[in-house]
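According to TrEMBL, the protein has these features:
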{"type": "DOMAIN", "residues": "15-94", "note": "domain 'TNase-like'"}
Amino acid sequence: MTCTLALCLTAALTVTDGDTIRDGALRIRLWGIDAPELQDPRGPASRAYLRALIDGQPVACDPRNADRYGRTVATCHLPDGRDLACEMVRAGMAHDWPRYSKGAYARCEGE
C-alpha cells in the first residue's frame, strides 16, 4: 500500500466500535456513516464485523476534519482499495449519514 497524503495505519489497529478505529493514541472516526453504539443491541456485532473486515491488514486513511471529540474524521481503505465505510453500510452494520456524507454512501445500502 502506498500512502502519500494519507495516514498509513499499522496492522495493529484497535476497533473501538463500528465506525471508530484507533492506532495507538490516534482515534479515527469513519467519515459519512453512523454505526450502532456498543450499548445498542446491534453494537457488538457492528464492531465485530469491522474487526473482521480489517483482520490485521494495514489501513490507509484520508483525513477530512476533526470531530467535537477530537477524533480525526477520515475515509479509510483496505489494501485492496475497498472503502471501510461502504463495506460497513453494504453489510448492514452501519448507515449512510447524509448530514455529513451528502448521501455518498447511500449507493452502498442494499448492494
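Note that Cβ sites are derived from N, Cα and C of the backbone, with glycine treated the same way.
Predicted, not measured: the structure shown is a model, and the values here were computed from it.
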What counts of helix, strand and coil residues does DSSP assign across the domain 'TNase-like' (15-94)?
19 helix, 29 strand, 32 coil
For the domain 'TNase-like' (15-94), provide the mean pLDDT of the predicted model.
95
